[in-house]
Amino acid sequence: MRLAFWLYEGTALHGISRVTNSMKDVHTVYHAPQGDDYITATYTMLERTPQFPGLSISVVRGQDLARGESRLPATLQQVEEHYNPRMIVVAPSCSTALLQEDLEQLSRHSGVDPDKILVYDVNPFRVQEHEAAEGLFTELVKRSAQPQTLTEQPSVNLLGFTSLGFHLRSDLTSLRRILKTLGITINVVAPWGASMDDLSRLPSAWVNVVPYHEMGNGAARYLREKFGMPILSGAPMGVNPTLKWIEDLLAQINDIARERGLPLLDMPDLTEFSLDGLSAPSGVPWFARTADMESFSGKRAFVFGDATHTVGMVKFLKDELGMQIIGAGTYLSRHADWVRSELEGYLPEPLIVTDKFQEISKKIEDEMPELVCGTQMERHSCRKLDVPCMVISTPTHIEDHLIAYYPILGFEGADILADRVYTSCKLGLEKHLIDFFGDAGLEYEDDEEAVGLSTNGHAAAETETSIAGEAATVVSAEGDGMPWTDDAEKMLKKVPFFVRKKVRKNTENYAREIGETTISGDVFRKAKEALGG
């Protein structure tokens with residue numbers, strides 16, 4: 001068993017609670033040892049909604065086990081009396097799975113209406129966050145969806161929006177605005193903000209829209225098999241994907257309109273999608289052709305995250321900003337084949353599929369790209385390497401759960417992505433100018449008067465002060481790095497910090513090739529000329 005340190009995916013409970021916490025009249029009872037209610041603090045801190053998470057813990061205690069008792073029936077009774085939800089989801093923990101308790105039987109002894117209880121007996125050792133969330137939502141839809149008459153006007157369901165989703169509420173608002181401009185109403189958004197009654201109304205919509213590959217596809221496939229509902233899948237990340245998403249949606253809506261003898265929907269003028277109703281809906285097409293952005297065509301980018309945002313971001317960087325993609329990966333092995341098929345022709349090397357952050361950190365250190373798009377973990381790794389990084393996928397920090405409007409999808413999302421790419425790559429110049437012309441009292445670097453030596457970006461070993469008067473002081477290096485003289489270190493400091501580690505590494509490799517054992521100022525100049533710096 002690996003240490004649960006810096007994992008990309010949460011536990012099965014995390015996925016279950018993302019669904020139940022999204023809904024209005026659903027409550028989760030987690031049968032687990034005391035202390036596993038940490039999940040409520042996670043939602044309270046990150047979600048930034050006025051509602052308290054709908055989750056209770058049925059505590060498993062050693063003394064109860066010794067007496068052959070269980071607190072689950074009593075907990076279910078208390079939840080029923082206090083909250084009176086339409087549905088209670090009972091979830092096992094690793095501890096109860098090891099004990100092999102029969103949660104179905106224990107739930108029946110609670111006296112609560114069995115129709116109100118769903119024992120989601122997922123294996124917490126094998127199933128993680130995304131699979132658990134997708135499975136539970138699909139099960140709730142299967143339980144609830146009932147045959148319905150289609151709405152008179154064109155309508156859609158938006159499936160897959162869940163609590164703690166990446167920029168969830170802003171993306172939802174962005175899609176709402178697009179649909180309103182098209183003249184399409186929203187029948188149900190689920191699971192976010194939906195009730196069990198709302199789930200029963202799902203079949204009355206004309207089309208099911210599923211932006212996220214990880215969440216909602218199982219429910220959409222069930223609704224297609226059971227009720228013949230068409231599916232529009234894919235995330236509209238970027239200007240061209242958004243236009244294609246709109247065209248595909250209109251095509252599906254108009255097919256149904258023809259069958260019903262209703263008027264067809266036309267594509268509105270693009271200005272109608274803009275905030276002011278007068279200008280272009282996105283500034284990305286012209287911004288990408290400015291002299292400032294054209295310099296990005298030579299920049300190298302690496303992308304890592306969940307399936308949806310990895311695919312969307314690679315295509316956005318390559319197709320709309322013209323950046324060079326040096327590699328991409330995902331931590332969701334279940335969706336790796338889909339990612340490979342979507343990114344065919346975009347990647348110069350095989351897709352990286354791993355849930356070990358150390359492997360991704362090593363990849364970034366080896367490649368030293370000009371931009372990394374990843375999760376909060378890549379942000380930590382890049383901070384140590386002085387590599388620009390923007391977060392584009394869960395897991396995230398609290399700053400990615402914003403109160404303000406900050407979409408990733410749609411035309412407005414394309415503008416925000418372009419801004420984030422630009423500022424992530426460019427803001428480092430300010431620090432470089434301060435380093436180059438003087439810090440004016442701002443301590444961005446360590447004390448430059450200290451005699452030190454960096455090795456592959458790490459701090460130098462403590463050394464004795466060198467003999468005064470020597471023109472070039474050589475200090476021993478740590479690890480695999482080569483010794484650098486003081487004058488070479490001073491020359492290196494004039495290199496922008498965000499490529500400094502890369503220059504150090506390339507210089508040392510060059511020195512080894514020509515048989516040098518110490519990096520002096522002369523060796524540094526030769527390396528610069530040879531490597532085109």
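Just so you know, the numbers here start at 1 and follow the chain as drawn.
Each Cβ is built from the backbone N, Cα and C atoms, and glycine gets one as well.
For ASP36 ([4Fe-4S] cluster binding site), the number of other Cβ atoms no farther than 10 Å from its own Cβ, over all displayed protein chains, is 17. As annotated by Swiss-Prot, [4Fe-4S] cluster binding site applies to ASP36, with the evidence given as sequence analysis.
In sequence order, TYR422 are the residues near ASP292 (active site, proton donor), counting only same-chain partners six or more apart with C-beta under 8 A. When secondary structure is read from DSSP and collapsed to three states, ASP292 (active site, proton donor) falls in the helix class. Residues or ranges marked as active site, proton donor by Swiss-Prot: ASP292.
Taken from Swiss-Prot, the feature substrate binding site covers GLY428, LEU429, and the record attributes it to sequence analysis.
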